């Protein structure tokens, strides 16, 4: 009997670590992007939970009027939020060691900067990890490209907008009612509802929901029956089966007759590309719109654009929106400003000229 002994290659500790990091056999793929993603997202999540529960009030406007955001200071799940870093800090990098004490750091809203910056790094690395895993498996890279839309949106509201406005205090609070407050103030100051890029984003999100529901219902309605009436239709599918699980010809015929022939896709690949591209492109445009409005390139202004032969203004919906904007603007940060910026101008802006 002949025994063949194969000599095992001796690899360094670093080599074994690299192989483990990049192995696609792990239950959860780590990857080099994951090396940065894991600690940053863990940090952001941990600080968010602690601050949401127990952070003391924050002087968001820099006028010695702290705003409470945590559960232990009287909020509930809906009203609670991580309050943005104080206007007194502006855009300064404000880690814990830059403050005279932890109490001062908390009072000035240091946790917000810590959470946001770690979160943005983490989600960017998550996107890179999606690409990395796709690359290792020989897949195409479009999963990471699709994920770039929410990454761009988060970057716009948490980083680009504060940079444009000159302070992290203008960033979106990390909470439910804080998000709504951010949206209302954004409308008041930038007229986002009249910005074409926001309109494209609305079309992307609502259209994506519609197309997703249409596709799912069409596929579910044209499944190829593999079971009896006493069994679930889902039992007729085996993971990895070669044959189609639904009849795309039947779905195409149904939808083509419901609308018209060319409204229905006859190519499954182009259909799924469309389903991915529509919401992604819409959200890209919205993120781009937020990023331009950050520097005060605002939505369209059609105020008092319709007048009669005597020069009297005939109100349009644009004027109704403008009146609502002024009302929202005078109500927010009411102790920080005596008047909204529009009303505090020395000379009234030209409307018709």
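Glycine residues also receive a Cβ, built from the backbone N, Cα and C atoms like all the rest.
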Self-check item: Identity of the quinone-site residue among 198, 215 (reference: 264, 265, source: Swiss-Prot)
Solution: 215
Practice problem: From the ranges 169-183, 229-243, 244-258, 274-288, grab the one Swiss-Prot calls transmembrane segment. | Solution: 274-288
Quiz item: Any contact between the transmembrane segment (142-156) and the transmembrane segment (118-133), i.e. 3 or more CB pairs below 8 Å with pairs at least 6 residues apart?
Solution: yes
Quiz prompt | Residue from 118, 126, 190 whose C-alpha is spatially nearest that of residue 215 (Fe cation binding site), among the recorded positions | solution = 126
Quiz item: Which sequence positions outside the transmembrane segment (118-133), separated from its termini by at least 6 residues, show Cβ-Cβ distances below 8 Å to it?
Solution: 24, 29, 31-34, 36-37, 40-41, 43-44, 47, 139, 141, 143-144, 147-148, 150-151, 154-155, 158-159
Quiz item: What count of other C-beta atoms do you get within 10 angstroms of the C-beta of residue 126 (pheophytin a binding site), across all chains shown?
Solution: 19
Quiz item: Which residues in the same chain, at least 6 apart in sequence, have a Cβ under 8 Å from the Cβ of residue 118 (chlorophyll a ChlzD1 binding site)?
Solution: 40, 41, 43, 44, 47
